[in-house]
Amino acid sequence: MKTLHTEVAVIGAGTAGMTGYRAAKAGGKRTLLIESNVYGTTCARVGCMPSKLLISAADAAHMLQAASGFGVHAGEVHIDGKAVMARVRSERDRFVGFVVESVEGYPAEDKVHGHARFLSPTQLQIDDHTLVQAERFVIATGSTPIVPDEWRAAGPRVITSDEVFYWDDLPQSVAVAGTGVIGLELGQALHRLGVRVTIFGRGGSVAQLSDPDVLDVARSAMQDELDVRFKTKVVKVEQHGEGLLVTSENTNGQQQTEHFDYLLSAIGRRPNVHQLGMENTGLQRDHHGIPVYDKQTMQCGDSAIFIAGDANDERPQLPEAADHGRIAGDNAARYPDVKPGLRRTPLAITFTEPQIATMGLSYNELCASYAGRFAVGKVSFENQGRSRVMLQNKGMLRVYAEHQTGRFLGAEMIGPRAENIGHLLSWAVQAGLTVDAMLDMPFYHPVVEEGVRTALRDLAHKLEHEPAQDCPCVDCTPAP
Ligand SMILES: Cc1cc2nc3c(=O)[nH]c(=O)nc-3n(C[C@H](O)[C@H](O)[C@H](O)COP(=O)(O)OP(=O)(O)OC[C@H]3O[C@@H](n4cnc5c(N)ncnc54)[C@H](O)[C@@H]3O)c2cc1C
Ligand SMILES: NC(=O)c1ccc[n+]([C@@H]2O[C@H](COP(=O)([O-])OP(=O)(O)OC[C@H]3O[C@@H](n4cnc5c(N)ncnc54)[C@H](O)[C@@H]3O)[C@@H](O)[C@H]2O)c1
């Protein structure tokens with residue numbers, strides 16, 4: 001076994017690891033980047049990019065069907081599953097190619113291939129071929145989709161998002177477990193591409209939403225189009241010929257067994273901190289096994305170990321992975337003189353239709369930390385002018401502000417152009433704007449943003465004329 005000495009060791013060459021590596025190098029430190037799998041990142045290979053490619057194909061199919069609402073008839077729509085998947089894979093490979101090219105540009109002596117595991121707070125073992133002795137570390141190991149063992153036992157037709165983007169053709173039918181971001185994005189896209197899809201949600205959650213009113217509207221919007229069965233669990237999965245028999249059970253105890261080609265497990269992702277030898281680092285860990293770390297510096301305790309991206313499970317999204325990685329790599333280079341990095345206002349977008357966006361403090365977080373001190377304004381998109389013009393008049397936006405100061409705190413929405421409105425409103429939170437200052441901004445006509453103005457006017461009215469909002473929510477999980 002050979003031994004390598006370095007100043008910084010970065011574990012994982014995903015988005016967080018690559019930005020961490022570059023930041024540590026920019027800080028003037030000898031840095032090793034260790035990767036156990038192929039290069040290319042989760043985002044480009046099996047995450048953000050291929051999922052949006054599949055969704056774009058689905059949108060194209062949907063637009064043809066929705067055109068009849070305007071009196072425009074496209075004739076019979078034919079979906080060529082092989083062509084759809086060929087474009088998804090070839091465009092995905094193009095994106096992956098750019099990432100791989102970047103990594104190939106790193107000096108060969110900076111890269112080690114193999115699975116890293118801590119032997120001590122200063123030493124890693126890579127497979128059975130290399131020992132790495134380092135002064136500082138960045139853990140950027142990402143996350144893995146969860147599949148319960150009893151589902152996995154039903155064989156290769158039980159899949160995760162990791163497999164979908166390698167399909168050559170679209171299947172006939174897919175059961176989706178989970179009404180989170182992945183379940184809804186992929187479930188709706190496959191449905192729009194002609195696949196028979198049933199989505200099982202064990203509770204009533206919809207993507208990242210927590211506001212009860214927005215959730216109600218979101219559940220109806222999803223059920224208007226899709227076979228989504230809330231409060232229904234998958235209780236048994238059995239191999240059956242080429243496919244699967246999936247048995248589900250609702251809250252009344254009624255069971256139903258149906259045949260599907262695949263079961264897509266979309267019930268969350270687990271941070272990759274369990275085969276890392278964390279027990280040999282001496283770090284304090286939470287009940288999920290994640291080292292306790294500072295959200296501004298990414299430092300684990302006062303150690304020389306930093307954690308970034310999906311591995312810390314704080315906000316498992318691409319822009320966060322890049323920010324975490326930059327902060328962690330920079331601080332690894334600066335250690336022990338670490339400093340807080342730029343953490344931005346939370347923004348999360350789910351690319352369903354209608355789109356879903358949450359920005360700033362969520363309703364659940366307000367309940368935990370602002371109960372009795374905030375006001376809520378809202379707008380329904382049902383009669384919003386431009387939304388009706390476009391036949392996209394579904395959804396609701398709820399906006400939140402601090403009662404005493406009028407400071408804008410956050411919002412949750414499902415509705416048209418949520419990806420754009422999400423940016424607008426998270427920028428307002430980060431800029432520390434008050435509701436009055438936001439209402440002084442320009443609004444064109446006729447635009448969906450006029451709906452935002454309606455919600456803000458309602459909020460301004462509540463701030464002035466009504467007492468602060470108490471929290472009727474029953475499931476108030478504490479703010480992170
Ligand atoms: C289907 C899907 C769609 C998504 N869509 C979006 C989206 O639209 N927008 C968005 O912002 N986010 C999206 N995400 C989330 C986003 O992809 C992730 O948050 C982001 O890619 C995480 O980056 P990372 O660097 O933390 O992890 P990764 O990119 O997964 O990198 C971790 C790396 O560490 C390596 N590794 C793990 N353990 C070890 C070890 N012990 N030794 C050596 N190497 C190791 C892994 O092989 C991997 O290469 C999506 C995710 C999925 C699954
Ligand atoms: N557009 C985006 O930004 C985007 C897209 C895809 C994924 N992602 C990231 O990937 C992460 C993982 O996505 P995800 O959809 O897998 O997780 P998620 O946490 O969004 O949703 C998981 C869902 O599964 C349910 N669930 C959990 N355990 C279950 C069980 N045993 N049986 C049935 N249902 C169960 C949960 O109640 C929840 O509804 C997200 O947190 C998100 O940050 C982001």
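Note that Cβ sites are derived from N, Cα and C of the backbone, with glycine treated the same way.
Quick caveat, the model's predicted, so the values are computed rather than measured.
Per TrEMBL, the features are as follows:
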{"type": "ACT_SITE", "residues": "HIS445", "note": "active site, proton acceptor"}
{"type": "BINDING", "residues": "LYS52, THR141, GLY142, SER143, ASP310", "note": "FAD binding site"}
{"type": "BINDING", "residues": "GLY178, THR179, GLY180, VAL181, ILE182, GLY183, LEU184, GLU185, GLY268", "note": "NAD(+) binding site"}
{"type": "DISULFID", "residues": "CYS43-CYS48", "note": "disulfide bond"}
{"type": "DOMAIN", "residues": "7-322", "note": "domain 'FAD/NAD(P)-binding'"}
{"type": "DOMAIN", "residues": "349-455", "note": "domain 'Pyridine nucleotide-disulphide oxidoreductase dimerisation'"}
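Among the recorded positions listed (CYS48, GLY178, GLY180, LEU184, GLY268), GLY268 has its Cα nearest to the Cα of SER143 (FAD binding site).
Only CYS43, of the recorded positions CYS43, GLY178, GLY180, HIS445, place a Cβ under 6 Å from an atom of ligand 1. For the NAD(+) site, whose binding residues are given in the record as GLY178, THR179, GLY180, VAL181, ILE182, GLY183, LEU184, GLU185, GLY268, the maximum C-alpha distance rounds to 13 Å. Confidence over the domain 'Pyridine nucleotide-disulphide oxidoreductase dimerisation' (349-455), given as mean pLDDT on the 0 to 100 scale, stands at 98. Checking the recorded positions CYS43, LYS52, GLY142, GLY268 against ligand 2, the ones with a C-beta less than 6 Å from an atom of that molecule are GLY268. Neighbours of GLY178 (NAD(+) binding site), defined as other CB atoms within 10 A of its CB across all chains, total 23. Cα spacing between CYS48 (disulfide bond) and GLY142 (FAD binding site): 14 Å, rounded to the nearest whole number. A straight line from the CA of GLY268 (NAD(+) binding site) to the CA of LYS52 (FAD binding site) spans 19 Å. Put simply, of the binding-site residues THR141, GLY178, ASP310, the one whose Cα is nearest the Cα of CYS43 (disulfide bond) is ASP310.
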